[in-house]
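J.: This structure is in structure tokens; I'll ask about it shortly.
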Amino acid sequence: MMRSVAWAALSWRVFWLSLLWTAVSAKQDKPKIDSVMLEHPPLNLNYFEDSDVIVFQDIEERNIYRSEDAGFTWNKVKELPDGGSAFLYLHPFESSTAFVLTKDRKHYKTEDRGKSWTEFDSGSMPSAFQPDTLIFHAGDPKRIIFNGMNCDGIFCDEETTYTLDGFKTIQPLRPSTSGCWWAKSNTEFTTGDEDLDKTRILCIVTDPLSIFKTSQKLCVSDTFFKKENNGKYQEFEPTLDSNRDVTGVVSLAAVKSFILVASSSANSDEMALYVTSNANQWHRAMFPSDDSHDHSHQINQEAYTVLESTNYSIQIDVMTSHPSRPMGVIFTSNSNGTYFTENIPYTNRNIKGHVDFEKISGIQGIFLVNTVENGKDVDEGSAEKVVVTQITFDDGRTFEPVKAGDQRIHLHSMTQINNIGRIFSSPAPGLVMGNGNTGKSLGKFDDSNLYVSDDAGVTWKQALEGPHKYEFGDSGTILVAVRDSAKEDVDKVSYSLNYGDTWESVPLPKDLKIRPALLTTTQDSTSLKFLLIGEHDKRYHMVALDFEALEKSTCGDKDMESWNARVDDKGQATCIMGRKQTYKRRTKKADCFIKSNFKDPEPINEPCDCTDADFECDYNFQRDPEDRTVCKRVGSIPMPQGACKDKDDKFKGSSGWRMIPGNQCKRTKGAQKDDEVERKCSEGGGGNSGGDGSSPSVPANGEISHKKNDFDSEALDMQKYYLIRGDSSSGTDETIIARPIGERTGNSVQVENKVWLTSDHGKSWKRILDQEDIMKIFHHDYFKDVMFFSTKTDKILYTIDRGQTFHSFKTPVASDDFTLSFHPDKKDWLIWVGKHCDDVSGSKSCFPAASISTDRGDHWKTLVRYATKCEFTGNSAYKYRPLTQIVCLVHQEENLESPKTIVTINDFLADDKLIHNGTVASFATMNEFILATDEVTEAGKEKAGLQAIASLDGQHFEAAQFPYNFHDSHSSLYTVLDSSNHAVNLFVATDLSDGRRRGSIIKSNSNGTTYVLSASNVNSDEAGYVDFEKVAGLEGVTLINVVANPDKKDGKKEIQTKISHNDGAEWDFLPPPSKDVDGKAYKCSSAGDSKCALHLHHYTERDNKRRTFSASKAIGLIFGVGNVGSTLGEMKDADTFMSADGGINWKNVKKGAWTWQYGDQGSIIVLAERATHGNGAKTKTVSYSLDEGETWNEYEFTDKEVTILDLTSVKTGAARNFLVWCRSDSKQLFSVNIDFTGLTDKACEYKDDASASDYELWSPKHPLQKNDCFFGHVAKYLRKKKDRKCFNKATLSLLHGYENCECTRRDFECAYNYELDNHGQCSLVPGFQPLSGEEWCKQNPNETTWFEPTGYRRLPLTTCKDGVELDKTSDEHACEGYEDEFKRKHRTSGWVIFFAVVIPIGLAAAIGWYVWRNWSGKFGQIRLGDNSSTFDSDQPWIKYPVIAISAVAAVAAAMPLVIISLWRSATGVYERVSNRSRGGNWSRRYTTRDSFARSDYSMVDDDEGELLGEESDEEV
């Protein structure tokens, strides 16, 4: 705050100085200088363009200050409400206009550079989720998009509005957006149509059925998303990628004449970038092959930076190194932004993503870059960075050292920025300054000196000693510098009037000494006035300088010279980027000022004839190191669509050269260097393939092929780990890691220390890590192309690029097991829990400790001591807890003998923690739920019991509410089943006797507060596994096995299979086929009842727990092994059955028990007769179908019968390659790749004309409904027609659309304390009466109304509207005290929701997670109530109540296709808005009521060898 004393002093000072000025003006030889003191730092300081008017934001006061005289005097803007200014925006396309936004809907605007302000209403608050609230139209300054949010309570819904008249009026845009932009957001951009330039808007649109970022898409409208009569919006989804439908759009950026869109996908953090130069045609940004480089070319989230680009090309720096040693590669695109070529590797970056790169302003083709000279050694972790500075004069084609005389100099750049604005240059022609040093490499900043160049970086000279902040004025005739210091010891400002040859200084006024913060002037560097801001004694000083006081004359023609941007040795102008560029600037010795205020220097350009210097290597070509005149091919050449139908064909392709983008040379007659030449098809590739991964590399021959590979091993079997790609991946490899295993002993398995890797799905294998002693192999829990390998020491190996390279780190403390925890959004964030041991005076003691790393293990710090378990609970999808939140199970009082409790840590700070008030046995996370068991003492009992507690926000834990009398007949053994469908499915054991294990499945409501019975007598085994599995890709379809004879205490269990088509609300028997595969009728027939049905062997009987009935991309296909009858028979008598319609109809396809795999989205099915314990089958063929099981063919893959150990493929069912794992009679282990890509090379196409389309639309059905409504909507999926000879693109989006339906009985399930009776109706649980309204309101004190109970509640999955709403009656009543609110039709308060849901978030019982790594590597169990020694892992699990995971395979498979994403782009909330540079302190809010109530369910992946491949967790 500016104190009145300061203003009074300033007024008197101005008065006396004015008198003195009259007396001494004739003798003034120094610039005018004065200062004003501030209480708070002036943030967001901006000049209004072409003026001396400056405004800044006082972030503490929340006020705006303004100066009309370049900073000599300041006044608070009084027309704005005191303390209400949250954001300050200057209009980028209207120099006199600015906006001040508040935290509310009322905002302010000026159109006269801040002299006057008018109020306007935006209709919503500024968005907390978008980086920019105001999006300006570059062609019409009155057109503005307002990205806002509507917050009635603690929940905020994003909403977007727009104005066409500068906020005189405002209109809503489309709902369900995550940011909108004008296509013409830059002056350089155009659609090519003036009308479209005015109206075209691009929005990232969210999916109403999903809140995941990976379901978002890009929509375009030219009519402001006008809503039609049918309720649809006038919009279209642009074809971003010609090979696939693109979802997962997370960001959009306008870059000069281009628009960039980034998309992400599950399983990987690789990004796909799409580029357009007209908002009509889009292309995926294609980066060259990295096969011939020692660094990657992959684009990952938070690992690329779009550099300062031009109208004709995009430049991107891609981080290719370890995050703690950041380095990158600069790429430059061609003229349409599609094909990128590498400029220079090993650029110097910092962890914030800043790159040491800057173009020289106003001169084309010149930029300075810092590179790491020993980049390869640094990347391998064996050296510190040696940073050197280089300069290019041909836009990155060649680079030269920067020299001052004969000495090389190195300059500090963006990674050590010490001022605002550009680093080295300004619009002043040819003038460049920088802090640096001479020598072999860049030194410390404090040891640098100031250097200056007046010929655009060709030659340099030292200007001043020590590091400085600097600025340019009067088009370069004035250079101003102030020494950069961390101390408050700077008392002068230096300046030069002859391009840095000589320097003078002026003292700061009033003997002031400061620590300089910034030095600035007008954006165009034409002004004679400068502003210095510094700190002294915790106060801030605005020091203004004015060189007009020197009273220099205005330069005339005799004072000016023609300066050539590039000259030869003789000083003659030479060509740069195809033209000679000349500026008019003042001669060095002229004693005058140009005084062309606010007028940018204009160059004179003269084109040159094209030469070899105007060309560079094209996409996937690079310079031959032995002959720099040759560009050699290092990757496939893009070829025209439809080329190379025959392998002997040729096509016209790149010569290897392209003109440097932006080069303006004049082509001469005759052949051109970049003319296309004839190429062999073997040299070509898919061009803009988009990483489809399914396009064949050679033309199809109509045949299936196979290739065998022997393994040098005497083991019995192989572990397999598929590295799953995301849809945004640019690669096409199908990578698998395998190693031999031997006999199993209990929970352990013998392994050989040999590891193989294949990148072509088993066609070729290579040994890897043969010098390492590998113990265990693990996937990253969320990024499936990242693998970790533990060793016998503290060394952990890993790969982040699918096995191309391997790196390592050391664990901070020892551990008995692999105890890494992973963050769902941040690939490099790790938690390690291990033993910390001290040896003091011969006394050794150990305690558990958790450590954290944010750079993938390079550096560790202790997170919390005496912690036995920690997990990242922060997730960008869960807005109600911070991204940095961690929950740990910790011994109280740092004593191993003390009970454990939950500790919640925010921001990785052990001091910032919340300790749960209670004794906790254990905890687990499942999607958005944090679940635990609290030890409590029941009334009248001395022994403590276990109480289920849970939380959504990680801070407030409350008990769950089970059905009435539920615990009277149930044990405390719990198993968490798949909880992906907006609710927790919990198995609770009822019978724990040997051979009779069974229990009940209970299901929570959508916010997890209460549970109802879903199914009784569900089968389980002694390991805690349950016969429960959701059908992959189909919403709410679940298969279970139940015990048909629960009352018989002796004898064998009789098992029956049931299916639910409405998420467990109702269960039916599987209808049996009438005939078997041989056409013979079964002994019984029915529509599926207790006497006759199809029964399938389920999860508890599987040798390989990774097996599932279905695959996520083979929608509606289900395979199983079983029999027709009253109950399930023996496995030896089982046959193989399938359904093609989601389990409604079944048929027998094979006699005997066969294993299956899906391929090509279900259009390929492969069956193999696998050997089991009861069946030592041998064969030399597999069976396959290309028409969804209607017909079957045999394929012989070996000439002798062998034992098939396994049949595998990519788990999603999208690949066209399969692997058969075999053992010969001679005990030789081998694999056989079976490749179906040769059958066709034609990609299937969807067309609106059903007869011409290769696809038909298929909708899942409920067997008891006449229409196709399924969970309140008709979903339409693409299915390839059975007779079409084409392949499905691997990234094909199967969900084609959906329409909501009216509600029916199938959209409801039984409410709390109700259960299905024998008539299929929801009846009260015996012994319980419905709550009265008074009781309901008393038990729910924050509710305002109550409905008379109906016994039904709405299914969390359903989207139905209106119709039969069984959860409501016609009678709604107000709770006492809320009558007035009820009369106002009761608008639910956000705070009511907060106290009713967030804080008392009563939830599930003691619930488990999918892997318990701290007990002998046994998969699928975590121990609850375990008070034994921390490191004692050999106790039998039966001794304690246990949570086990069952059918985790189904967890991954059951994710509904419409919400199948794991990876989200982080959505920011205001913790401190100052992080956005516009200031403000905002409370954190939830995004939507729906996202809170139903929350954000992520997929627990069952990737092979990790979650379900128990081999990966076995003892070695």
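Each residue's number is its place along the chain shown, starting with 1.
Cβ coordinates are placed from backbone N, Cα and C, and glycine is handled just like the others.
The following feature annotations were taken from Swiss-Prot:
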TOPO_DOM  27-1390  topological domain 'Lumenal'
CARBOHYD  Asn311  N-linked glycosylation site
CARBOHYD  Asn336  N-linked glycosylation site
REPEAT    390-400  repeat 'BNR 2'
REPEAT    756-766  repeat 'BNR 5'
CARBOHYD  Asn917  N-linked glycosylation site
CARBOHYD  Asn1007  N-linked glycosylation site
CARBOHYD  Asn1342  N-linked glycosylation site
TOPO_DOM  1463-1516  topological domain 'Lumenal'
J.: Whole-number answer please: how many Å between the C-alpha atoms of Asn311 (N-linked glycosylation site) and Asn917 (N-linked glycosylation site)?
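T.: That separation, Cα to Cα, works out to 61 Å.
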J.: Could you round the CA separation between Asn336 (N-linked glycosylation site) and Asn917 (N-linked glycosylation site) to a whole angstrom and send it over?
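T.: Between the alpha carbons of Asn336 (N-linked glycosylation site) and Asn917 (N-linked glycosylation site) there are 61 Å.
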J.: Just to confirm: which same-chain residues, 6+ apart in sequence, have a Cβ under 8 Å from the Cβ of Asn917 (N-linked glycosylation site)?
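T.: In sequence order, the residues whose Cβ lies under 8 Å from that of Asn917 (N-linked glycosylation site) (at least 6 apart) are Thr901.
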J.: Considering every residue in the topological domain 'Lumenal' (1463-1516), what is the mean pLDDT value?
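T.: Averaged over the topological domain 'Lumenal' (1463-1516), per-residue pLDDT gives 28.
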J.: So, by DSSP, how many helix, strand and coil residues make up the repeat 'BNR 2' (390-400)?
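T.: The breakdown for the repeat 'BNR 2' (390-400) reads 0 helix, 4 strand, 7 coil.
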J.: Let me know how many other Cβ atoms fall within 10 Å of the Cβ of Asn336 (N-linked glycosylation site).
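T.: For Asn336 (N-linked glycosylation site), the count of other Cβ atoms within 10 Å is 18.
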